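Asker: Right, I'll just put the structure down here and ask away after.
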Amino acid sequence: MSNRKYFGTDGIRGRVGDAPITPDFVLKLGWAAGKVLARHGSRKIIIGKDTRISGYMLESALEAGLAAAGLSASFTGPMPTPAVAYLTRTFRAEAGIVISASHNPFYDNGIKFFSIDGTKLPDEVEEAIEAEMEKEITCVDSSELGKASRIVDAAGRYIEFCKGTFPNELSLNELKIVVDCANGATYHIAPNVLRELGANVIAIGCEPNGVNINEEVGATDVRALQARVIAEKADLGIALDGDGDRVIMVDHEGNKVDGDQIMYIIAREGLRQGQLRGGAVGTLMSNMGLELALKQLGIPFARAKVGDRYVLEKLQEKGWRIGAENSGHVILLDKTTTGDGIVAGLQVLAAMVRNHMSLHDLCSGMKMFPQILVNVRYAAGSGDPLENDNVKAVTAEVEAALGNRGRVLLRKSGTEPLIRVMVEGEDEAQVTEFAHRIADAVKAV
């Protein structure tokens, strides 16, 4: 188990202006990354960002650090995270860097690296970068300094890639779609992908101003999308998050369709088309209704820890191709190397068109179990509530009452002193009562 100082499970992230998301830190990060990556070769680095105002500052700092280490940088401008992974592969770049805090508010930002094959940097490379950051910055000889350039048609290349994941024999001509781009990195891409495939597109969340990313729009807040779908009498809505690696959908009645349901639709269609290899990977938070629906289809299902990184690891371990979190991270390894909201959405649209079915009807084969989540704050020095005898006893009582038609999950937050209590089962009133019973036991510790 590595003991890294800066890199978390999803790169480096924080509030802009507070360590580590400061200009001096990011400059040194660029230099350290440049020193380490230069050992592997002298190819350029691709840098993409979302629409946060801080992206300008941070990409300049990164580029300066890389140049001092002798590596050149190519900027994509605002670009979805999965697009940077794709461009890194196609340009055979030494690495890709994304400046984004995904679904977080504008005042946060982060930095994530992709390796030459469009996957996460190996742990040992991240550790080498951290080790380099302990040293003083040195500059290569002036004749060896890196340069900066801009990739002229980055968006066009990625649009064509996305369209290429949609079956050639199908068209979206019959569909009216509302797409919500979260005022984020997909604002100039997702509407064009859908239009070029023939859809009648109404775009919202496509007016980024640097500070409105994810603000009451996008995959984390679909209320505006739900209202617009109903007002426009659209066939469906598609919501992406700030960096385009998540997708949540809305059916023609305004019902939310989450990552579990999206994976169910894609897995079932893959089975029908004879293209599903193995099973599907969800997380500890995936709805039990997904597990049961896949079981009825004969599709194996495995749960990973929460986090798209762990979903990907489980897929690689099993040799399977499809995984998802209910938050909307959908990973389709036969199409791409990372979660891609646009590509996942297109596979659902293909299932709709091919089967002449609405999104609502495609979801009907999966019954979502009521799932109640209660967050309980505890005193940091009061011991581990999960080891408390009374908490264990109450949890065991609830599990016995639910039997094999429900689940209980207690887990600690990774960032604050919270216990997350999740209970799911067939009866919402019962599940709610059980969740609060366990939460009360945790509070009493």
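Cβ atoms here come from the backbone N, Cα and C positions, even for glycine.
Pulled from Swiss-Prot, these are the listed features:
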- SER102, ASP241, ASP243, ASP245: Mg(2+) binding site (BINDING)
- SER102: phosphoserine (MOD_RES)
- SER102: active site, phosphoserine intermediate (ACT_SITE)
Asker: Would you mind listing, in sequence order, the residues at least six apart from ASP241 (Mg(2+) binding site) in the same chain with a Cβ closer than 8 Å to its Cβ?
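Answerer: Same-chain residues close to ASP241 (Mg(2+) binding site) (Cβ under 8 Å, separated by 6 or more) are SER102, HIS103, ALA182, GLY184, ASN214, GLY218, ALA219, THR220, VAL247, GLY328, GLY341.
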Asker: Please identify, from the binding-site residues ASP243, ASP245, the residue with the sparsest Cβ neighbourhood, meaning fewest other Cβ atoms within 10 angstroms.
Answerer: ASP245
Asker: Other than its own, how many Cβ atoms are within 10 Å of the Cβ belonging to SER102 (Mg(2+) binding site)?
Answerer: 29
Asker: For ASP245 (Mg(2+) binding site), just give me the three-state DSSP call.
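Answerer: Reduced to three states, the DSSP call for ASP245 (Mg(2+) binding site) is coil.
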